[in-house]
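Asker: The structure that follows is given in the form of structure tokens.
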């Protein structure tokens, strides 16, 4: 910083005399005066000085941390020596040994929870009644103590600390606990994209199901065989698909509504049988021929509607159950106008029955109502996700509510549940607990750009899944870690045969965790072949929108312009348009980071293992648990990986091609067993064409 030579000294300025601008000047030297120049600093000079001071403080902190790290290592070595057999056998240093043992015990209660090069953070337990955790760094007069009450606060503080320590040659950002507008916007973008992918996955198989029911049935059901067929359908459902759905409390439902002498007089039984006829299950096909199942479903549905004609407004569990199953039946047929009406009636009845069931003294009826109520929420969720973009059934408000506040209704074990049902209930509840943890994880993630945010979010989700999986009982999980990719096909198949032949729960739980990760990977993996690495096109569009050159722009682009102006006002970003465009582009356009994230590689591993598990499942007795949606999610992730294979040097395209063929064959065989698979055949043909094009393009 140079002195302005045209500024006179203070003495010459005060007496209004000519100054020679020397140090000291001629006049001050002649009269032996103190020659002082006062120079005013510009804002840029002050900012530069402040940067130097802060950088010096950071260097001092690094030096202090290095010193503390060295002292901790010395303490560890001294503690180890004090615990040696020689020191313990010495009688002369008994009191010193006791004190050293106490110090070592105190040291052992310290756990290293994060480490970055030479800097580490330690979580310690204190011998006090205070239940809070503490994260403390001390050195001489410097003491930094953070009081932590929850695991989320621990991750939040630790993330801020590590981010600050990364800055060596530049100014650190403003680290604070409160979230600014841009971070909230990124969090909203990430969670909305993840939520949409999960919701689309829930309804992906609906358009592919048969829609073959006409106005009249094409079958003749004999009266003497009707009761037998109905009871056999119920037994097939209870033995196979019921543990997966858990829509009823089996003993109570059979006791209240299933009367073999008047079985055709129960609307709940008729509606449930209609839904059973549309569930893919090889056991129901042994009762009724697969080609006749749609007609049987239509017959049972019409009979249930006929029985409800005179009882539609009864406040009764049986009517409530009938509305639920009829709504599900219409959902499976993609008949949304009717299923919305049934679901609305079921919701109204649930609100009326809820206080009555909570105060009832019959635990069986209470359990039946609770499971039917959970089923009501599931059906309404599927309806909302399937119709929120299709007028006149637009339900954007309800869709956004599901994004912000997902429903986590747990199942409750009840008296009369079999051991198998209890195990499936625990499996469902554990999976719901995992989804709840994933939902809360997005609020613990902080970043100022989308790539870092997605990478951090994906890493946290992976760690949560690993921890959740390892906490499960041994008979609920596989012995092999879920995200490793070391086992070849033969070893993987041998492991599944040993662990999952009699017990399907480890396989189902592992499929669920893979499916959750596939949904997240699908949310952020690019769909197109080319990845916009430099984002120049996006930046040019933003410049045009901010400049107002959008007279012919679509309403979508105009909304984008309004949102950008709103963001600029909210964050108080005082800069030029070019700087604002650069900031927004770097924040919300991932570019090459979309394909270099570890999330992409783990998603590919999950997709391959999902296909392995589904292939094994189809060879077992519980093959009815095969889920099209998981197969389609794995298929889509591998197809996207093939599209961007030029950016993935680790990708084995031959292996990807083999698993795509296996996945396609599985889906083709499942669709071929449907009564009318015209839609499925067309869908399979489209998948085959896509696979041929994408794999050939990737090889070329």
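The backbone N, Cα and C atoms fix where each Cβ goes, and this holds for glycine too.
Predicted automatically and left uncurated, TrEMBL annotations should be read as such.
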Asker: Can you check which of 29-52, 53-76, 77-100 TrEMBL lists as region 'Disordered'?
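Answerer: From TrEMBL, the annotated region 'Disordered' range turns out to be 77-100.
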Asker: Tally of helix, strand and coil residues over the domain 'Zn(2)-C6 fungal-type' (8-37) according to DSSP?
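Answerer: Taking each residue of the domain 'Zn(2)-C6 fungal-type' (8-37) in turn, the totals are 11 helix, 0 strand, 19 coil.
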Asker: If you average per-residue pLDDT over the domain 'Zn(2)-C6 fungal-type' (8-37), what number do you get?
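Answerer: Mean pLDDT for the domain 'Zn(2)-C6 fungal-type' (8-37): 87.
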